[in-house]
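Just below is one structure, and these are the notes that go with it.
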Amino acid sequence: MSEAGGGKKPPVEPQAGPGPGRAAGERGLSGSFPLVLKKLMENPPRETRLDKEKGKEKLEEDESAAASTMAVSASLMPPIWDKTIPYDGESFHLEYMDLDEFLLENGIPASPTHLAQNLLLPVAELEGKESASSSTASPPSSSTAIFQPSETVSSTESSLEKERETPSPIDPNCVEVDVNFNPDPADLVLSSVPGGELFNPRKHKFAEEDLKPQPMIKKAKKVFVPDEQKDEKYWTRRKKNNVAAKRSRDARRLKENQITIRAAFLEKENTALRTEVAELRKEVGKCKTIVSKYETKYGPL
């Protein structure tokens, strides 16, 4: 007999049913899973062990660095940071704190005048001072870098006291006024004592007697002496009188010349001083107006 289509049908394989071998394999896998997990926990992979060792080393380094910084800061001053400020790059913000409360909490003395001037200080500034003092603790000159408000206050007070002190009186003889005075050299020679220093009209001083008016002296009447009585004694006395009269005339002329040149210089100096005083009065008037405006606006000084 021939089949339809002229082909042969493939043989049908028998389906494997749930036999006893497959069930035994599944039970073996489920039983070996706890053993594998236990081995992994006892002997972790190499990468996990390296990460744990690195974390432990980093933690030990941080602890040793913190202990060293605390030891350095303890050598300079008592520890003042009991709490650390977290810093993650975004949530860090500068905050202001009360300096008085901060000093009282940490037992640090401070000058009241300095506290009155600087009541609030930023935390970053205080932290910067602490880090600078701890980093420079090894050299002996680091103690001079610590801020000492008491010394600065005393120095400012001493400078203010020096400014308030009245200046010492000035000798009027040492004061020189710029005066365009150029006397004739011949007049200076005539006003100088022969054989002495050249007369200086700027610094020369006269005695009170020299500045007093001189009385007019009447000349004595001439007495006629005949030639028979003009003996040697007469001529000696007459020569002495002539020399004395010449000396008195020369001294009087010298004094008159000195007074004349000195008076000319004083007149020019007086004119220069008057102009200077006028300028000073203008400046003082301006200062007075400024002070009066300030007092009317803000009250008396």
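A Cβ is built for glycine as well, from the same backbone N, Cα and C atoms used for every other residue.
Since this is a predicted model, take the numbers as computed values, not measurements.
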Choose the correct range: of 86-106, 233-253, 275-295, which one does Swiss-Prot annotate as region 'Basic motif'? Give that range.
233-253
Pick from 78-85, 222-229, 254-261: which stretch is listed in Swiss-Prot under region 'Leucine-zipper'?
254-261
Per DSSP, what is the residue tally for the region 'Leucine-zipper' (254-261) in helix, strand and coil?
8 helix, 0 strand, 0 coil
